[in-house]
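Some notes on the structure that comes next.
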């Protein structure tokens, strides 16, 4: 096990801050037990009261309905996420990043396998030359999500990203559902990029894209092309990610500059070989093909959310995060559209290679030497995507573990490197296992579902943040907000469902689209805002967040049935884990935090919401200490 060779300080994070908890337990804050060798125990993973004895665990299971109600109705606070929760990692992450670092992290995180691999698949099989419009649609959706993420990252600059934002606005339970999908997004995304890395590496070595994979005939199709090179690449990335965030940043922007030069070469050299006849027919599968590709190509834009997790390590979040996120997404969208146009002008869409489209396109026009430049640029791009993904996913997992929804051992931040070593290694081991077996097509579709779902929740969370504040918003306005949100989400789901089921119909849109429009107008006109952003805010609220909800849900309607079935299985697995472990661990931790805060400090409450005012049978903590009614 990883824990058998890592050295770290044992730290039980059952209090709102490490110093308070250690003082309460009679330990000096600076003290710690340096552990070497195989030193893991149950308390490193399940230290909560509910898991101390089988009797406690049985009582906890019996209280699932009450505990679930508590977690459904309880919301964290901004100050809790930025102070008490962050303190549970024992050591601070180092604030070393500027807007320059974040912008290059954004470019490095996004431009990778999506453009260099999925463009070929979608242009050849689905959208044709109109794949450029698919990138425009996906880019608009991604930019709307970027705005929402940016406001949250500026207001709540912690490593938890969307998990922390949703804990504050939608509560613990919805945050957990998002957390599970965030982790799935990163594992699958990293696996997809690593497998694409192998394909381009084979091209660089004058082999076919699939030559370096091992065929296991005994395994099921789509899972039988084993990829040991992908595992090796992920291992190297892991070492880079755990060493230093600033070092990773330097490597990323130096490599990204080289990547931009390669992209400019592809566009200029490719257009020199352009043939406009290749653009006929432009959209062989019509508008449906364009939107179907948009849903899958959304995969090409993911990665910017990893940049939001670096807010905790940013020197000036209010200035640096908006410049870094919005700037990198603008550059990325322009680059994607130009690359898509170039590819389809160079080669007939039916002849585009699905594994290494740009390299093969240059080979097809007689520029064999150019394919090596393209392959080298693609490898660099995918390497930085893997690196930024490794940095981002570890910070997500760290913050999730701080709440004890995942084992608190994963929340440890190394005192020397200032990085979450345990979380980084665990996530990349999972990524390597998936990358070793699974085909890119399965990975990209499942990834898009997970990502679109999370981005939709973040947009909902932003509307809640602007229009609802406990003890400020009146019950009447709260109810108006709920009705508007239900109508916005419901009409968006109806539109997406109708799109997925009806090939040629249009009557349904006459009903669903006006409902979305009227619900957004009602929210704008009849529900007063309860809060304004302190430093940077999304413009045109509620229109932009509402549009983000609608577009993300609409794109979900273009994804295939099999991917939704896999998504359903993953959600069921999450629910099993939550009801048997995550619910009780986070419940105990929240109540212990409230108890210690009440006994040792004059801090304000750490949560808000409606809970059952009774003494928990396993912890003996009065639940009402943790929260108040909104």
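Using the three backbone atoms N, Cα and C, a Cβ is placed for every residue, glycine included.
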Can you identify, from 204-225, 534-555, the stretch that TrEMBL calls transmembrane segment?
534-555
Tell me which range among 418-437, 598-617 TrEMBL lists as transmembrane segment.
418-437
Among 75-91, 228-244, find the range that TrEMBL records as transmembrane segment.
228-244
What average pLDDT does the predicted model assign to the domain 'Cationic amino acid transporter C-terminal' (536-586)?
87
Same chain only, please: residues at least 6 beyond the ends of the transmembrane segment (133-152) with a C-beta under 8 Å from a C-beta of the stretch. Say none if there are none.
122, 127, 161-162, 165, 283, 290-291, 293-295, 297-298, 300-301, 304-305, 308, 321-322, 325-326, 329-330, 332-333, 336-337, 340, 452, 455, 458-459, 461-462, 465, 533, 536-539, 544-545, 547-548, 551-552, 555
Against the transmembrane segment (102-121), which of these stretches has the most C-beta pairs under 8 Å: 251-270, 290-311, 369-397, 418-437?
290-311
The transmembrane segment (323-349): which same-chain residues, six or more beyond its ends, come within Cβ distance under 8 Å?
99-107, 109-111, 114-115, 119-120, 123-124, 128-129, 131-132, 135-136, 139, 142-143, 146-147, 149-150, 153, 263, 266-267, 270-271, 273-276, 278-279, 284, 300-301, 304, 307-308, 357-358, 360-362, 364-365
Is it the case that the transmembrane segment (173-194) and the transmembrane segment (418-437) have 3 or more CB pairs under 8 Å, with pairs at least 6 apart in sequence?
yes
